[in-house]
Amino acid sequence: MSVLTPSPSIPRHGLFYRLTRNKVGVAGFIIVGGIIAMTLIAPLLLDTSVPGDAQNTWSGPSAQHWLGTDNAGKDVLHQVLLGGGTVLFVGMTAAAITTIIAVVFGALAAYLRGPVDSFLLQATDIVMTVPQIVLLAVLGSFFQLTSPTVLAILIGCLSWPILMRSIRAQVLSLKEREFVEAAKLLDLGTARVVFAEIVPNMAGYILINFIIAVTNAIYALVGMYVLGLAPLAGANWGIMIRKAWTYGAMSLPEGTLFMMAPVAMIALLQLGLIMLTRSLEEVFNPRLAEG
Amino acid sequence: MVATDTDAEEAATLPRRRYGGWSRLAAGAAVWLVSAVGSYLLGLGWISTLLIATFIASVTCYWGSYLTKRVARAVLAIAIVATGVFFMVRLLPGNPVDVYIAKIVAEGVPYEQAAAQAAAFYSFDPGTPLWQQYLQYMWGLLNGDFGTTLTHVPVLEKIGGHLPWTLFSVGLAMIISVSIGLLLGMIMAYRRGGVIDHSISAIGSALHAIPNYLMALMIVVIGGVQLRLFTLADIRGTYSAGQTPGLNMEFIQDAMYHATLPVLAYVLTTVGTWALIMKASTTQALGEDYVMVARARGLGGGRIGSMYVGRNAVLPLVAQIATQAGFVVGGAIFVEIIFAYNGVGYTLYRAINDRDYALIQGLLLVITITVVFANLLADLSYGLLDPRIRTAGKEEES
């Protein structure tokens with residue numbers, strides 16, 4: 001069980017040093033940073049509409065199309081370079097919503113205890129019980145979820161309970177510490193004690209869980225696209241996989257790249273994020289590094 | 001860490017009141033009898049009668065007990081989810097009967113007649129007020145009646161035909177994944193910092209990072225198209241077209257063959273996680289004093305490994321395995337669709353496309369109940385397996 005190390009034991013100037021010393025962490029950072037940079041820069045350099053090349057449908061890799069073309073003759077490489085935006089945006093927004101709800105509810109439940117605590121715990125029971133992927137599938141197939149923001153809010157509102165429970169456990173332990181006792185004695189008020197004294201002491205833990213929440217949100221989002229439950233408007237990695245699947249790309253030798261390129265990008269992004277959390281864990285919890 | 005440790009902590013901090021034995025038991029029996037007769041007279045079946053009477057009696061007379069409280073919370077969660085699903089499914093646009101009526105009206109049949117025809121064909125009447133439909137549904141649930149699908153098959157029968165396939169593939173995958181994972185995790189913990197540890201860690205996190213449906217797609221593309229290890233058309237589905245289900249070698253072999261790909265996808269994506277969790281747990285167990293004492297006593301490495309380290313390292317994982325088992329049934333939907341594996345997930349997907357309300361409700365309810373009961377088992381197993389949690393109040397803070 002990861003016992004929380006209060007951040008005072010980590011010297012602030014040492015954070016960058018510790019992060020860069022860990023090879024896995026640096027690799028993760030480069031992967032994630034590279035993908036984010038790519039999705040930000042690509043729309044500036046490339047034609048975002050990706051014109052189709054009717055002469056070259058389902059062509060293999062060539063000098064003109066490095067990763068070949070899809071069923072409409074669109075360049076696969078261009079689509080891959082341009083297709084990360086929605087995935088990253090929804091992933092990060094949903095994760096931010098999840099983390100904020102979890103931190104606020106978890107901290108308040110643990111700090112106030114009593115009826116607030118039991119009510120919030122019952123709420124986590126219910127939200128956690130609804131299989132979220134299935135619920136998203138149901139909602140996605142009935143409602144037209146064209147706006148990425150709505151998708152993000154939906155995913156974010158469904159996935160907070162597990163994190164809320166672990167935040168609650170952390171706060172239960174933190175609130176017994178001396179500095180919280182001191183803050184209480186100074187009569188600083190609930191909001192101030194919880195959000196200015198307790199929560200900042202969990203910053204590392206919250207950051208790690210934010211990144212994990214990003215991977216979970218991407219899992220749910222891409223899953224909806226692959227099933228065709230989210231509207232296939234625009235172009236992103238999830239929609240590319242869906243199209244490759246429905247047009248039977250895997251039975252054509254030339255189509256393999258159209259299917260595998262976005263799959264590889266998503267896997268790479270997820271891997272980068274997980275590598276980042278592993279090294280952050282070692283930074284914030286030095287005892288793990290020895291193990 | 002795990003969602004459930006808060007409940008174990010509740011069990012620990014709860015004041016252990018001693019109930020006045022016989023009088024409480026008598027009161028419980030009286031309440032049980034009254035509610036049993038009451039619900040039987042209301043027209044419930046006898047199984048539901050027994051269950052409901054037991055539930056009411058234990059809630060009213062043993063409310064302070066952790067077990068009762070926990071079960072009551074689980075039942076409340078199921079009831080709320082059932083209600084939520086009922087209204088959610090109905091508040092959404094496009095019900096199957098309207099679609100059907102619109103189709104006949106377009107052929108020139110008057111509306112009244114079309115509606116009557118639709119009502120006769122479908123076991124669902126959109127004209128009934130919503131609250132009446134809801135009460136009917138909930139009353140049916142109490143009786144163990146989940147309604148019928150649009151094509152007049154009882155929902156329970158329909159689910160019964162698909163659930164075994166999901167349980168079979170997911171269960172088999174979990175057994176394989178957990179046992180390989182635990183074994184690898186122990187090896188990693190013993191050889192910390194070695195080549196094995198580093199390579200399994202790296203591969204494990206890489207596999208863990210890939211969503212299971214993408215893994216399924218990769219298996220199809222790499223194994224089926226590039227390497228031609230199997231033909232997708234043959235291996236899709238739950239069993240080959242000519243086979244009749246039965247307990248003979250041929251059919252079992254065929255079923256195993258069709259389950260290979262889903263099982264492979266589940267195992268590959270989860271085994272790394274189990275190995276990493278087990279490594280952390282074993283590392284902790286290896287540092288305990290009793291292991292050092294066992295070494296000092298000169299016990300053999302194998303004995304220490306299995307009796308002293310292994311058991312104590314697996315203990316904290318049991319609840320996690322139970323919790324995961326609940327979620328896996330709901331999470332199988334993607335993989336089942338990709339391999340056209342005829343389990344619960346694939347059925348749910350088709351039910352959503354057909355707007356088959358009763359079947360959607362029934363399937364979601366079954367999935368919900370699996371999760372709730374897996375969580376319940378996990379919570380209860382905490383106290384049963386680790387006596388320290390029942391006595392030490394400070395355990396909550398880990």
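Glycine is no exception: its Cβ is also placed from the backbone N, Cα and C atoms.
What TrEMBL says about a protein is an automatic prediction, not a curated fact.
So that you can see what the record holds, here are the features copied from TrEMBL:
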type: DOMAIN; residues: B:163-378; note: domain 'ABC transmembrane type-1'
type: TRANSMEM; residues: B:25-43; note: transmembrane segment
type: TRANSMEM; residues: B:49-67; note: transmembrane segment
type: TRANSMEM; residues: B:74-92; note: transmembrane segment
type: TRANSMEM; residues: B:165-190; note: transmembrane segment
type: TRANSMEM; residues: B:210-230; note: transmembrane segment
type: TRANSMEM; residues: B:255-277; note: transmembrane segment
type: TRANSMEM; residues: B:313-339; note: transmembrane segment
type: TRANSMEM; residues: B:359-378; note: transmembrane segment
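Of the candidate ranges B:25-43, B:49-67, B:210-230, B:359-378, B:359-378 contributes the most Cβ pairs within a distance under 8 Å of the transmembrane segment (B:74-92).
The stretch from B:49-67, B:210-230, B:255-277, B:313-339, B:359-378 with the most CB pairs below 8 A to the transmembrane segment (B:165-190) is B:255-277.
Scored by C-beta pairs under 8 angstroms, the transmembrane segment (B:359-378) has its highest count with B:313-339, from the stretches B:25-43, B:49-67, B:210-230, B:255-277, B:313-339.
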